[in-house]
Amino acid sequence: MRYSRKLAGALYAAPVAVFVLVFFVAPLLLVGRMSASDWPLLAGDLGINMPDNYAGIADNPLFWPAVGFTLKYTGIVVVLLIGLSLLLALIVADRRKGTGFFRTAYFLPTTLGLASASLLFFGFYSPAIGPLDPLLEALGADPVSWLGTPTAALWSTVVLIVWKFAGFFMIILLVGLQSIPPDVYEAARLDGANRWQSFRHVTVPLLRPALGLVLILSVTGSLLAFDQFFILTKGGPDNSTVTVVQLIYREAFQRFDLGAAAAISVVVLAALVVINIGQLRALRKDHQ
Amino acid sequence: MSTKLWSTSYYVLAGGLAVLFLFPLIWTGYASVAPAGATNQQDGFGFGNYASLLDYDAGLGRYLWNSTYVSVLTVAFTLALSVLGGYAFARFTFRGKDTLFIVTLAILMVPYSTLLIPLYSMLGDLGLRNTLTGLALVLTLYQLPFAVFMMRISFEAVPKEIEESAMCDGAGTFGVLTRIMLFAVWPGLITVGLFSFLAAWNDFIAPLILVSEADKAVLPVAIANLRQQSMGAIDFGATQAGVVVMALPCLVLFALLQRHYVRGFMSGAIKG
């Protein structure tokens, strides 16, 4: 009756293995093949056309603007998110009256889905029912077109994203803060360090692993931005807020060219792997 | 700086930020029932916007059902795969173990959009495109790295003695799993279930691409489409009612399972 444990282990792992093979490894190979093929959405595979799809990327008038916009958006979001979530984590780190309430308040937007949050702000920024214009009016200011100009659309989306994710990153940094032993602060205080000095020379270095995780998650998430721009700005005004992933979506499902979409997808994957390896290396070097 | 001044400025800053974070949430609840032009809620406060959601296209009931079905199925797939896989990774040695674990975690490295293009084509070949089951399978894929990792460390944390004594009583490895281990790892099960439910409930791009039939739409896609309805005029009231409908289950789960939220993030921090 007793079969070998090796066989049993392989049997328990088999469903995961089959699933990963079918839904991860196979599509990964297929996207490579699609990127090298003439593959219209409806007609399907029409054979290899290498290197047309890749050559076409550089000719796509939206590609470089989309790359530029995605990088600019990522830079702004990452700086603001790390700054604000660190501030929030420091606010709620020490147990005092009200921190439980503050933690919950900052975290609540995280419980919403990104699409829900984007739809919420779609109304929030609208002149029809949004609360901002009446508020400005009460203060004697003119109404603002929150999504009407490229700059306004970018910053309005940044506000949505920072609102939605700051509480999430706050929790990660909070876990990091709480893992710093109290006697390190005590030692710094005995050495005569003030609040700022002990933050700068004790907290920040010891928080490095948590900050590194926040950096990688926020960079990756922002580079792959889609929902917020698809729902809030639809890439507008004048295609000024088209991100790289939106470009993939447009090539595939509005211009019906799966081959071109696959080629951009492969380039994005390669870029992301390089960026993540670069970030991990930099963090590790810093650490030593 | 005096303690009093420090304490006052602390509460002004913390409280001000709390108002900024809560304001949009409170506003959407208010806007969903408040009277406004070009909505179904013209005079006084009421649930007119929710009523227009009930009648919109295939009806709110249909979209709620679609979203619930996809989310429950995703949770079931994710739990089944990650329990068996986590048990295998934690307690057994077999050929290809390390490779399989690394490949499973590598799913995190590949952007969603990169896989959705070939998956769109593959699901078509498998007869799973435009089906909620196909959608749930794809959503499961993205839960797998976190779920398998979480279940592996959950199983590894169970003391080996418990298992060995059951083995001596003649139980097989499967009996040990179902009769003993599952009860020992239930906090992990809840965390994995919670995260996969929320991810499936809230996902937007996968259903947008993989399911195009209107009566199979899930809530986020249906509410996003709602904006283009009614002859070009956007029904902002119904949109905010939709946001409330989508947010409520998330807020309830958060209130009930707060501890498990943090548990999930903690393991994320460990990974880094």
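Quick reminder: no glycine exception, Cβ is built from N, Cα and C everywhere.
Features reported for this protein in TrEMBL:
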type	residues	note
DOMAIN	A:67-279	domain 'ABC transmembrane type-1'
TRANSMEM	A:7-30	transmembrane segment
TRANSMEM	A:73-93	transmembrane segment
TRANSMEM	A:105-125	transmembrane segment
TRANSMEM	A:152-175	transmembrane segment
TRANSMEM	A:210-231	transmembrane segment
TRANSMEM	A:258-278	transmembrane segment
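Comparison of A:73-93, A:152-175, A:210-231 by number of C-beta pairs under 8 angstroms to the transmembrane segment (A:105-125) places A:152-175 first. Relative to the transmembrane segment (A:73-93), the listed stretch A:152-175 leads the set A:152-175, A:210-231, A:258-278 in CB pairs under 8 A.
Through the fold, the transmembrane segment (A:152-175) approaches residues 69, 72-73, 76-77, 80-82, 84-86, 88-89, 92-93, 103, 106-110, 112, 114, 117-118, 121, 125, 144-146, 207, 210-211, 213-214, 217-218, 221-222, 225, 228-229, 232-233, 236-237, 240-241 of its own chain, all at least 6 residues removed from its boundaries and within a Cβ separation under 8 Å.
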